[in-house]
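Visitor: Dropping the structure in here first, questions after.
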Amino acid sequence: MSSIRDDYIAPWWTYWLHNFPHVNLNFQPIDNTFTPQDQNYQQSLIFLGCVAAAGLGLNLLCLAIYLSCLCCCRKDEEEESKRPNSCCVTWSAVAAGLISCAAVGVGFYGNSETNDGVYQLTYSLYNANHTLGGVDSLVTNTMGSMESGLKQHLARLDEIFATRGDYVQTLRFMQQMADNVIKQLLGLPDWDMAKVDLAAIADQTAYVEYYRWLTYLLLLILDLVICLAACLGLAKQSRWLLTTMMVFGVLTLILSWASLGVDLATAVGTSDFCVIPDKFIMNQTKDLISSDIVHYYLYCSQTLPNPFQQSLTIFQRSLTTMQIQIQGLLQFAVPLFPTAERDLMGIQHLLNSTEASLHQLTALLDCRGLNKDYLDALIGVCYDGVEGLLYLCLFSILAICAFCAMLCAIPRAWTHIASRERDYDDIDEEDPFNPQARRMTTHNPNHATNVHSFCSYSSSMGSQSSLHPPAAQAVSNAPVSEYMNQSALFGGNQRYENVPLIGRGSPPPSYSPSMRATYLSMTEDQIRHFGNDFQA
(Lines of atoms letter the chains of each structure in order from A; the text may use other names.)
(Lines give C-alpha, C1' and ligand atoms only; values in the text may rest on other atoms or scores of the structure.)
Protein backbone atom coordinates (compact mmCIF):
# COMPACT_ATOMS: atom_id res chain seq x y z
CA MET A 1 0.00 0.00 0.00
CA SER A 2 1.65 3.21 -1.16
CA SER A 3 1.77 6.19 1.18
CA ILE A 4 3.80 8.63 -0.95
CA ARG A 5 1.99 11.90 -1.61
CA ASP A 6 2.61 14.00 -4.69
CA ASP A 7 -0.25 16.46 -4.20
CA TYR A 8 0.56 17.74 -0.71
CA ILE A 9 3.89 18.80 0.77
CA ALA A 10 3.94 20.40 4.19
CA PRO A 11 5.54 23.88 4.20
CA TRP A 12 8.94 24.39 5.75
CA TRP A 13 7.64 26.42 8.68
CA THR A 14 5.54 23.47 9.86
CA TYR A 15 8.68 21.32 10.02
CA TRP A 16 10.45 24.10 11.90
CA LEU A 17 7.64 24.33 14.46
CA HIS A 18 7.34 20.54 14.57
CA ASN A 19 10.97 20.33 15.72
CA PHE A 20 10.31 22.56 18.73
CA PRO A 21 11.16 20.74 21.98
CA HIS A 22 8.09 19.02 23.38
CA VAL A 23 8.35 18.90 27.16
CA ASN A 24 5.64 18.06 29.66
CA LEU A 25 5.10 19.88 32.94
CA ASN A 26 7.54 17.50 34.64
CA PHE A 27 10.29 18.70 32.24
CA GLN A 28 10.42 15.34 30.51
CA PRO A 29 10.76 15.23 26.68
CA ILE A 30 7.92 13.49 24.85
CA ASP A 31 7.16 12.43 21.31
CA ASN A 32 6.12 15.22 18.95
CA THR A 33 3.49 13.12 17.18
CA PHE A 34 0.11 14.85 17.07
CA THR A 35 -1.97 13.02 19.68
CA PRO A 36 -4.34 15.56 21.26
CA GLN A 37 -5.97 12.91 23.45
CA ASP A 38 -2.67 12.15 25.17
CA GLN A 39 -2.21 13.96 28.47
CA ASN A 40 1.55 14.35 28.05
CA TYR A 41 1.09 15.91 24.63
CA GLN A 42 -1.44 18.36 26.06
CA GLN A 43 1.06 19.27 28.77
CA SER A 44 3.73 19.95 26.12
CA LEU A 45 1.49 22.59 24.55
CA ILE A 46 0.61 24.03 27.96
CA PHE A 47 4.34 24.21 28.67
CA LEU A 48 4.76 26.63 25.76
CA GLY A 49 2.10 28.84 27.29
CA CYS A 50 3.95 28.66 30.62
CA VAL A 51 7.14 29.80 28.87
CA ALA A 52 5.26 32.88 27.64
CA ALA A 53 3.95 33.46 31.17
CA ALA A 54 7.52 33.26 32.49
CA GLY A 55 8.59 35.79 29.87
CA LEU A 56 5.80 38.09 31.03
CA GLY A 57 6.94 37.81 34.64
CA LEU A 58 10.55 38.54 33.70
CA ASN A 59 9.48 41.49 31.58
CA LEU A 60 7.40 43.02 34.35
CA LEU A 61 10.24 42.44 36.81
CA CYS A 62 12.70 44.26 34.57
CA LEU A 63 10.27 47.15 34.15
CA ALA A 64 9.74 47.32 37.91
CA ILE A 65 13.50 47.41 38.53
CA TYR A 66 13.93 50.10 35.90
CA LEU A 67 11.17 52.26 37.37
CA SER A 68 12.53 51.76 40.89
CA CYS A 69 16.02 52.80 39.83
CA LEU A 70 14.58 55.79 37.98
CA CYS A 71 12.66 56.92 41.06
CA CYS A 72 15.48 56.30 43.54
CA CYS A 73 18.33 57.70 41.47
CA ARG A 74 16.51 60.75 40.17
CA LYS A 75 18.18 64.04 41.06
CA ASP A 76 18.17 67.63 39.94
CA GLU A 77 20.20 67.90 36.75
CA GLU A 78 21.85 70.93 35.28
CA GLU A 79 20.67 72.55 32.12
CA GLU A 80 23.35 70.80 30.07
CA SER A 81 22.25 67.38 31.27
CA LYS A 82 18.57 67.91 30.48
CA ARG A 83 18.97 68.11 26.76
CA PRO A 84 20.24 64.50 26.25
CA ASN A 85 17.38 63.17 28.39
CA SER A 86 14.81 65.03 26.30
CA CYS A 87 16.42 63.70 23.14
CA CYS A 88 16.37 60.17 24.60
CA VAL A 89 12.67 60.48 25.40
CA THR A 90 11.95 61.74 21.90
CA TRP A 91 13.78 58.93 20.17
CA SER A 92 12.22 56.34 22.50
CA ALA A 93 8.76 57.67 21.67
CA VAL A 94 9.55 57.65 17.94
CA ALA A 95 10.86 54.08 18.13
CA ALA A 96 7.82 52.94 20.11
CA GLY A 97 5.48 54.56 17.60
CA LEU A 98 7.19 53.05 14.58
CA ILE A 99 7.38 49.58 16.10
CA SER A 100 3.75 49.79 17.19
CA CYS A 101 2.62 50.77 13.69
CA ALA A 102 4.65 47.91 12.21
CA ALA A 103 3.16 45.51 14.77
CA VAL A 104 -0.39 46.59 13.94
CA GLY A 105 0.25 46.12 10.21
CA VAL A 106 1.72 42.66 10.75
CA GLY A 107 -1.14 41.80 13.08
CA PHE A 108 -3.82 42.76 10.58
CA TYR A 109 -2.15 40.64 7.89
CA GLY A 110 -1.69 37.65 10.20
CA ASN A 111 -5.26 37.87 11.47
CA SER A 112 -6.57 37.95 7.90
CA GLU A 113 -4.39 35.02 6.83
CA THR A 114 -5.47 32.90 9.79
CA ASN A 115 -9.11 33.71 9.12
CA ASP A 116 -8.72 32.75 5.46
CA GLY A 117 -7.14 29.43 6.39
CA VAL A 118 -9.84 28.56 8.91
CA TYR A 119 -12.56 29.60 6.47
CA GLN A 120 -11.08 27.29 3.85
CA LEU A 121 -11.03 24.49 6.42
CA THR A 122 -14.68 24.95 7.40
CA TYR A 123 -15.72 25.29 3.75
CA SER A 124 -14.01 21.99 2.91
CA LEU A 125 -15.57 20.30 5.93
CA TYR A 126 -19.03 21.44 4.89
CA ASN A 127 -18.43 20.20 1.34
CA ALA A 128 -17.22 16.83 2.58
CA ASN A 129 -20.18 16.62 4.92
CA HIS A 130 -22.52 17.39 2.01
CA THR A 131 -20.90 14.64 -0.07
CA LEU A 132 -21.16 12.06 2.69
CA GLY A 133 -24.70 13.17 3.45
CA GLY A 134 -25.61 12.72 -0.22
CA VAL A 135 -24.18 9.19 -0.20
CA ASP A 136 -26.13 8.33 2.93
CA SER A 137 -29.34 9.80 1.46
CA LEU A 138 -28.98 7.87 -1.81
CA VAL A 139 -28.30 4.60 -0.03
CA THR A 140 -31.24 5.08 2.34
CA ASN A 141 -33.69 6.02 -0.42
CA THR A 142 -32.59 3.15 -2.69
CA MET A 143 -32.91 0.59 0.05
CA GLY A 144 -36.33 1.96 1.00
CA SER A 145 -37.62 1.77 -2.58
CA MET A 146 -36.28 -1.76 -3.00
CA GLU A 147 -37.67 -3.05 0.27
CA SER A 148 -41.09 -1.38 0.26
CA GLY A 149 -42.03 -0.20 -3.22
CA LEU A 150 -40.69 -3.19 -5.17
CA LYS A 151 -42.02 -5.62 -2.62
CA GLN A 152 -45.58 -4.28 -2.96
CA HIS A 153 -45.51 -4.45 -6.74
CA LEU A 154 -44.15 -8.01 -6.71
CA ALA A 155 -46.80 -9.11 -4.19
CA ARG A 156 -49.65 -7.89 -6.42
CA LEU A 157 -48.07 -9.39 -9.54
CA ASP A 158 -47.69 -12.68 -7.74
CA GLU A 159 -51.46 -12.76 -7.25
CA ILE A 160 -52.12 -11.80 -10.87
CA PHE A 161 -49.67 -14.38 -12.28
CA ALA A 162 -50.77 -17.15 -9.90
CA THR A 163 -51.91 -19.33 -12.81
CA ARG A 164 -48.65 -18.98 -14.73
CA GLY A 165 -45.75 -20.68 -13.02
CA ASP A 166 -43.12 -19.30 -15.41
CA TYR A 167 -44.17 -15.74 -14.70
CA VAL A 168 -44.18 -16.44 -10.96
CA GLN A 169 -40.66 -17.86 -11.30
CA THR A 170 -39.57 -14.63 -13.01
CA LEU A 171 -40.98 -12.63 -10.13
CA ARG A 172 -39.00 -14.80 -7.64
CA PHE A 173 -35.83 -14.16 -9.65
CA MET A 174 -36.46 -10.40 -9.58
CA GLN A 175 -36.91 -10.55 -5.80
CA GLN A 176 -33.51 -12.24 -5.52
CA MET A 177 -31.95 -9.48 -7.61
CA ALA A 178 -33.56 -6.86 -5.37
CA ASP A 179 -32.20 -8.63 -2.27
CA ASN A 180 -28.80 -8.68 -3.93
CA VAL A 181 -28.97 -4.91 -4.49
CA ILE A 182 -29.90 -4.36 -0.86
CA LYS A 183 -27.00 -6.56 0.23
CA GLN A 184 -24.54 -4.49 -1.80
CA LEU A 185 -25.91 -1.28 -0.36
CA LEU A 186 -25.54 -2.64 3.16
CA GLY A 187 -21.91 -3.43 2.36
CA LEU A 188 -21.17 0.25 1.88
CA PRO A 189 -19.66 2.02 4.93
CA ASP A 190 -21.97 3.80 7.33
CA TRP A 191 -21.20 7.48 6.82
CA ASP A 192 -23.73 8.75 9.28
CA MET A 193 -21.32 8.97 12.23
CA ALA A 194 -18.63 10.62 10.12
CA LYS A 195 -21.15 13.08 8.74
CA VAL A 196 -22.26 14.18 12.20
CA ASP A 197 -18.66 14.59 13.38
CA LEU A 198 -17.69 16.71 10.38
CA ALA A 199 -20.67 18.99 10.78
CA ALA A 200 -20.00 19.43 14.50
CA ILE A 201 -16.31 20.13 13.91
CA ALA A 202 -17.12 22.68 11.21
CA ASP A 203 -19.70 24.48 13.33
CA GLN A 204 -17.47 24.61 16.40
CA THR A 205 -14.46 25.73 14.39
CA ALA A 206 -16.42 28.54 12.72
CA TYR A 207 -17.79 29.68 16.09
CA VAL A 208 -14.37 29.79 17.75
CA GLU A 209 -12.74 31.46 14.74
CA TYR A 210 -15.28 34.27 14.68
CA TYR A 211 -14.56 35.28 18.27
CA ARG A 212 -10.81 34.78 17.80
CA TRP A 213 -10.83 37.09 14.78
CA LEU A 214 -12.94 39.69 16.63
CA THR A 215 -10.70 39.55 19.72
CA TYR A 216 -7.56 40.16 17.70
CA LEU A 217 -9.23 42.96 15.79
CA LEU A 218 -10.09 44.72 19.05
CA LEU A 219 -6.56 44.10 20.37
CA LEU A 220 -5.04 45.65 17.25
CA ILE A 221 -7.28 48.69 17.54
CA LEU A 222 -6.45 48.99 21.25
CA ASP A 223 -2.71 48.93 20.51
CA LEU A 224 -3.07 51.61 17.87
CA VAL A 225 -5.22 53.85 20.08
CA ILE A 226 -2.81 53.53 23.04
CA CYS A 227 0.16 54.37 20.83
CA LEU A 228 -1.55 57.45 19.39
CA ALA A 229 -2.76 58.59 22.80
CA ALA A 230 0.74 58.20 24.27
CA CYS A 231 2.21 60.28 21.44
CA LEU A 232 -0.48 62.90 22.03
CA GLY A 233 0.33 62.94 25.74
CA LEU A 234 4.02 63.47 25.00
CA ALA A 235 3.25 66.24 22.54
CA LYS A 236 0.81 67.97 24.90
CA GLN A 237 2.95 67.16 27.95
CA SER A 238 -0.21 65.95 29.68
CA ARG A 239 0.71 64.11 32.86
CA TRP A 240 -2.71 62.54 33.44
CA LEU A 241 -2.87 61.27 29.86
CA LEU A 242 0.61 59.77 30.15
CA THR A 243 -0.37 58.09 33.42
CA THR A 244 -3.52 56.63 31.89
CA MET A 245 -1.62 55.36 28.85
CA MET A 246 1.00 53.82 31.11
CA VAL A 247 -1.68 51.79 32.89
CA PHE A 248 -3.21 50.70 29.60
CA GLY A 249 0.27 49.96 28.27
CA VAL A 250 0.90 47.50 31.10
CA LEU A 251 -2.48 45.86 30.44
CA THR A 252 -1.76 45.57 26.72
CA LEU A 253 1.70 44.19 27.49
CA ILE A 254 0.07 41.40 29.49
CA LEU A 255 -2.39 40.70 26.65
CA SER A 256 0.45 40.61 24.13
CA TRP A 257 2.35 37.99 26.13
CA ALA A 258 -0.83 35.95 26.57
CA SER A 259 -1.58 36.05 22.84
CA LEU A 260 2.02 35.05 22.11
CA GLY A 261 1.69 31.96 24.30
CA VAL A 262 -1.66 30.92 22.82
CA ASP A 263 -0.54 31.50 19.22
CA LEU A 264 2.74 29.65 19.71
CA ALA A 265 1.07 26.63 21.30
CA THR A 266 -1.60 26.55 18.57
CA ALA A 267 0.99 26.89 15.81
CA VAL A 268 3.14 24.07 17.20
CA GLY A 269 0.17 21.74 17.67
CA THR A 270 -1.17 22.49 14.18
CA SER A 271 2.28 21.94 12.67
CA ASP A 272 2.52 18.56 14.38
CA PHE A 273 -0.69 17.63 12.59
CA CYS A 274 0.36 19.14 9.25
CA VAL A 275 3.61 17.17 9.06
CA ILE A 276 1.84 13.77 9.16
CA PRO A 277 -1.90 14.41 8.77
CA ASP A 278 -2.72 11.06 7.14
CA LYS A 279 -1.60 9.06 10.15
CA PHE A 280 -3.84 11.03 12.49
CA ILE A 281 -6.88 10.69 10.17
CA MET A 282 -6.43 6.94 9.86
CA ASN A 283 -6.08 6.53 13.62
CA GLN A 284 -9.27 8.51 14.21
CA THR A 285 -11.35 6.53 11.70
CA LYS A 286 -9.99 3.02 12.21
CA ASP A 287 -12.98 2.00 14.36
CA LEU A 288 -15.56 3.48 11.94
CA ILE A 289 -14.34 2.82 8.41
CA SER A 290 -12.02 0.30 6.83
CA SER A 291 -8.41 1.43 6.45
CA ASP A 292 -8.52 0.59 2.72
CA ILE A 293 -11.38 3.03 2.19
CA VAL A 294 -9.68 5.79 4.22
CA HIS A 295 -6.41 5.23 2.35
CA TYR A 296 -8.29 5.40 -0.97
CA TYR A 297 -9.74 8.81 -0.15
CA LEU A 298 -6.59 10.23 1.43
CA TYR A 299 -4.31 9.45 -1.51
CA CYS A 300 -6.71 8.96 -4.45
CA SER A 301 -4.06 7.45 -6.69
CA GLN A 302 -4.77 5.85 -10.04
CA THR A 303 -2.86 2.79 -8.90
CA LEU A 304 -5.15 2.27 -5.93
CA PRO A 305 -8.20 0.05 -6.54
CA ASN A 306 -11.64 1.44 -5.84
CA PRO A 307 -12.93 -0.43 -2.76
CA PHE A 308 -16.53 0.09 -3.96
CA GLN A 309 -15.99 -1.11 -7.50
CA GLN A 310 -17.17 -4.69 -6.93
CA SER A 311 -20.31 -3.65 -5.03
CA LEU A 312 -21.22 -1.05 -7.64
CA THR A 313 -20.65 -3.56 -10.46
CA ILE A 314 -22.94 -6.14 -8.85
CA PHE A 315 -25.49 -3.41 -8.23
CA GLN A 316 -25.43 -2.41 -11.90
CA ARG A 317 -25.71 -5.99 -13.15
CA SER A 318 -28.63 -6.75 -10.86
CA LEU A 319 -30.51 -3.69 -12.09
CA THR A 320 -29.80 -4.57 -15.72
CA THR A 321 -31.09 -8.12 -15.17
CA MET A 322 -34.25 -6.84 -13.52
CA GLN A 323 -34.87 -4.38 -16.33
CA ILE A 324 -34.54 -7.21 -18.90
CA GLN A 325 -37.07 -9.31 -16.99
CA ILE A 326 -39.55 -6.43 -16.80
CA GLN A 327 -39.25 -5.79 -20.53
CA GLY A 328 -40.05 -9.46 -21.19
CA LEU A 329 -43.10 -9.41 -18.94
CA LEU A 330 -44.37 -6.20 -20.51
CA GLN A 331 -44.04 -7.79 -23.92
CA PHE A 332 -45.54 -11.21 -23.23
CA ALA A 333 -47.58 -11.03 -19.99
CA VAL A 334 -49.52 -7.82 -20.51
CA PRO A 335 -51.54 -9.15 -23.48
CA LEU A 336 -52.63 -12.08 -21.30
CA PHE A 337 -52.95 -10.15 -18.02
CA PRO A 338 -53.88 -6.51 -18.77
CA THR A 339 -54.24 -5.72 -15.07
CA ALA A 340 -50.55 -6.43 -14.53
CA GLU A 341 -49.46 -3.52 -16.73
CA ARG A 342 -49.78 -0.93 -13.97
CA ASP A 343 -47.53 -2.80 -11.52
CA LEU A 344 -45.02 -3.70 -14.24
CA MET A 345 -44.78 -0.03 -15.27
CA GLY A 346 -44.36 0.92 -11.62
CA ILE A 347 -41.46 -1.53 -11.28
CA GLN A 348 -39.88 -0.20 -14.46
CA HIS A 349 -40.10 3.39 -13.19
CA LEU A 350 -38.60 2.33 -9.85
CA LEU A 351 -35.70 0.56 -11.62
CA ASN A 352 -35.03 3.63 -13.76
CA SER A 353 -34.87 5.93 -10.71
CA THR A 354 -32.66 3.40 -8.95
CA GLU A 355 -30.28 3.38 -11.90
CA ALA A 356 -30.09 7.19 -11.77
CA SER A 357 -29.31 6.94 -8.06
CA LEU A 358 -26.63 4.40 -8.88
CA HIS A 359 -24.88 6.84 -11.21
CA GLN A 360 -25.03 9.59 -8.60
CA LEU A 361 -23.76 7.22 -5.95
CA THR A 362 -20.88 6.17 -8.17
CA ALA A 363 -19.90 9.81 -8.69
CA LEU A 364 -20.13 10.64 -4.99
CA LEU A 365 -18.13 7.60 -3.93
CA ASP A 366 -15.33 8.51 -6.29
CA CYS A 367 -12.23 9.63 -4.39
CA ARG A 368 -11.63 12.83 -6.34
CA GLY A 369 -14.34 14.88 -4.65
CA LEU A 370 -13.51 14.03 -1.04
CA ASN A 371 -9.77 14.08 -1.72
CA LYS A 372 -10.04 17.61 -3.11
CA ASP A 373 -11.88 18.75 0.00
CA TYR A 374 -9.24 17.07 2.15
CA LEU A 375 -6.37 18.78 0.31
CA ASP A 376 -8.12 22.15 0.42
CA ALA A 377 -8.53 21.79 4.17
CA LEU A 378 -4.87 20.86 4.60
CA ILE A 379 -3.67 23.77 2.49
CA GLY A 380 -5.95 26.18 4.32
CA VAL A 381 -4.78 25.06 7.76
CA CYS A 382 -1.12 24.30 7.13
CA TYR A 383 -0.31 27.12 4.72
CA ASP A 384 -2.56 30.09 5.43
CA GLY A 385 -3.51 29.14 8.98
CA VAL A 386 -0.06 28.39 10.40
CA GLU A 387 1.50 31.24 8.44
CA GLY A 388 -1.07 33.61 9.91
CA LEU A 389 -0.30 32.32 13.40
CA LEU A 390 3.39 33.01 12.85
CA TYR A 391 2.60 36.57 11.81
CA LEU A 392 0.44 36.94 14.91
CA CYS A 393 3.37 35.72 17.02
CA LEU A 394 5.55 38.35 15.33
CA PHE A 395 2.87 40.94 16.04
CA SER A 396 2.91 40.00 19.73
CA ILE A 397 6.71 40.28 19.87
CA LEU A 398 6.72 43.68 18.15
CA ALA A 399 3.91 44.90 20.39
CA ILE A 400 5.87 43.80 23.46
CA CYS A 401 8.95 45.70 22.26
CA ALA A 402 6.88 48.79 21.43
CA PHE A 403 5.12 48.93 24.77
CA CYS A 404 8.36 48.26 26.67
CA ALA A 405 9.91 51.25 24.92
CA MET A 406 6.81 53.32 25.66
CA LEU A 407 6.77 52.31 29.34
CA CYS A 408 10.44 53.27 29.59
CA ALA A 409 9.92 56.62 27.84
CA ILE A 410 6.86 57.79 29.78
CA PRO A 411 8.55 57.99 33.24
CA ARG A 412 11.46 59.96 31.74
CA ALA A 413 8.99 62.24 30.00
CA TRP A 414 7.22 62.65 33.33
CA THR A 415 10.53 63.62 34.98
CA HIS A 416 11.33 66.03 32.18
CA ILE A 417 7.93 67.71 32.44
CA ALA A 418 8.22 67.95 36.23
CA SER A 419 11.71 69.50 35.98
CA ARG A 420 10.49 72.10 33.51
CA GLU A 421 7.62 73.03 35.80
CA ARG A 422 10.00 73.24 38.74
CA ASP A 423 12.37 75.53 36.83
CA TYR A 424 9.46 77.73 35.87
CA ASP A 425 8.33 77.94 39.48
CA ASP A 426 11.88 78.87 40.62
CA ILE A 427 11.79 82.22 38.72
CA ASP A 428 11.63 85.18 41.10
CA GLU A 429 8.10 86.49 41.21
CA GLU A 430 9.45 89.93 42.27
CA ASP A 431 11.49 90.13 39.07
CA PRO A 432 9.79 92.81 36.94
CA PHE A 433 11.16 91.18 33.80
CA ASN A 434 9.41 87.89 34.60
CA PRO A 435 6.31 87.52 32.38
CA GLN A 436 4.49 85.89 35.25
CA ALA A 437 5.15 88.94 37.44
CA ARG A 438 3.83 91.21 34.72
CA ARG A 439 0.63 89.23 34.60
CA MET A 440 0.29 89.52 38.37
CA THR A 441 0.28 93.34 38.18
CA THR A 442 -3.31 93.27 37.07
CA HIS A 443 -4.24 91.57 40.35
CA ASN A 444 -1.88 93.52 42.68
CA PRO A 445 -2.08 97.35 42.23
CA ASN A 446 0.47 98.03 44.98
CA HIS A 447 2.99 95.88 43.18
CA ALA A 448 2.25 97.70 39.93
CA THR A 449 3.57 100.99 41.37
CA ASN A 450 6.91 99.33 42.03
CA VAL A 451 7.12 98.06 38.49
CA HIS A 452 6.79 101.62 37.12
CA SER A 453 10.05 102.70 38.73
CA PHE A 454 11.92 99.71 37.21
CA CYS A 455 10.51 100.02 33.73
CA SER A 456 10.46 103.82 33.15
CA TYR A 457 13.24 105.32 31.13
CA SER A 458 13.81 108.14 28.65
CA SER A 459 13.77 107.23 25.00
CA SER A 460 15.40 110.43 23.66
CA MET A 461 16.37 113.94 24.73
CA GLY A 462 13.52 115.46 22.78
CA SER A 463 10.93 113.39 24.53
CA GLN A 464 12.41 114.22 27.92
CA SER A 465 11.92 117.95 27.38
CA SER A 466 8.32 117.51 26.36
CA LEU A 467 7.21 115.25 29.20
CA HIS A 468 6.21 116.47 32.64
CA PRO A 469 5.84 114.17 35.63
CA PRO A 470 2.37 113.89 37.11
CA ALA A 471 1.65 115.84 40.24
CA ALA A 472 0.17 113.01 42.32
CA GLN A 473 2.44 110.19 41.18
CA ALA A 474 2.83 107.43 43.71
CA VAL A 475 6.35 106.86 44.97
CA SER A 476 8.12 103.58 45.06
CA ASN A 477 8.36 101.51 48.21
CA ALA A 478 11.93 100.49 47.38
CA PRO A 479 14.78 101.69 49.60
CA VAL A 480 16.28 105.07 48.81
CA SER A 481 19.69 103.74 47.94
CA GLU A 482 18.25 101.27 45.44
CA TYR A 483 16.04 104.05 44.07
CA MET A 484 19.03 106.31 43.58
CA ASN A 485 20.98 103.49 42.02
CA GLN A 486 18.18 102.97 39.56
CA SER A 487 18.11 106.69 38.79
CA ALA A 488 21.81 106.75 38.13
CA LEU A 489 21.54 103.64 35.93
CA PHE A 490 18.81 105.13 33.78
CA GLY A 491 20.52 108.49 33.20
CA GLY A 492 20.81 110.16 36.61
CA ASN A 493 17.74 112.29 36.05
CA GLN A 494 15.24 111.65 38.85
CA ARG A 495 12.68 113.91 37.24
CA TYR A 496 11.65 111.27 34.70
CA GLU A 497 11.59 108.16 36.88
CA ASN A 498 7.83 108.05 37.30
CA VAL A 499 6.86 109.25 33.84
CA PRO A 500 4.37 106.82 32.25
CA LEU A 501 5.48 104.70 29.31
CA ILE A 502 2.57 105.76 27.07
CA GLY A 503 3.77 107.43 23.93
CA ARG A 504 7.33 106.04 24.08
CA GLY A 505 8.79 105.04 20.75
CA SER A 506 10.71 101.98 22.00
CA PRO A 507 9.94 99.17 24.48
CA PRO A 508 11.51 98.99 27.92
CA PRO A 509 14.86 97.24 28.16
CA SER A 510 14.91 93.59 29.14
CA TYR A 511 17.54 92.35 31.53
CA SER A 512 18.30 88.79 32.45
CA PRO A 513 18.24 87.78 36.12
CA SER A 514 22.05 87.41 36.04
CA MET A 515 22.53 91.02 34.80
CA ARG A 516 20.13 92.31 37.44
CA ALA A 517 21.96 90.39 40.19
CA THR A 518 25.26 91.84 38.99
CA TYR A 519 23.80 95.33 39.05
CA LEU A 520 22.40 94.96 42.56
CA SER A 521 25.78 93.77 43.84
CA MET A 522 27.53 96.97 42.67
CA THR A 523 28.50 99.68 45.19
CA GLU A 524 27.23 103.22 45.01
CA ASP A 525 30.56 104.53 43.72
CA GLN A 526 30.56 101.91 40.96
CA ILE A 527 26.98 102.79 40.08
CA ARG A 528 27.74 106.53 40.05
CA HIS A 529 30.78 105.93 37.89
CA PHE A 530 28.70 103.68 35.57
CA GLY A 531 26.03 106.41 35.38
CA ASN A 532 28.54 109.11 34.47
CA ASP A 533 29.94 106.88 31.75
CA PHE A 534 26.44 106.17 30.51
CA GLN A 535 25.65 109.94 30.31
CA ALA A 536 28.88 110.68 28.49
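Glycine residues also receive a Cβ, built from the backbone N, Cα and C atoms like all the rest.
The transmembrane segment annotation in TrEMBL covers 45-67, 88-109, 213-233, 240-260, 389-410.
Burial and contacts for the listed features, if you can.
Guide: Long-range contacts of the transmembrane segment (45-67) within the same chain: residues 20, 23-25, 250, 253-254, 257-258, 260-262, 264-265, 268-269, 400, 404, 407-408, 411, each at least 6 residues beyond the stretch ends and with a Cβ under 8 Å from a Cβ of the stretch.
Long-range contacts of the transmembrane segment (88-109) within the same chain: residues 216, 219-220, 223-224, 227, 230-231, 234, 388, 391-392, 394-395, 398-399, 401-403, 405-406, 408-409, 412-413, 416, each at least 6 residues beyond the stretch ends and with a Cβ under 8 Å from a Cβ of the stretch.
Sequence-distant contacts of the transmembrane segment (213-233) (same chain, six or more residues past either end, CB-CB distance under 8 Å): 93, 96-97, 100-101, 103-104, 107-108, 111, 114-115, 241-242, 244-245, 248-249, 252, 255, 259, 392, 395, 399, 402-403, 406, 410.
Through the fold, the transmembrane segment (240-260) approaches residues 52-53, 55-56, 59-60, 216, 219, 222-223, 226, 229-230, 232-234, 392-393, 396-397, 399-400, 403-404, 406-407, 410-411, 413-414 of its own chain, all at least 6 residues removed from its boundaries and within a Cβ separation under 8 Å.
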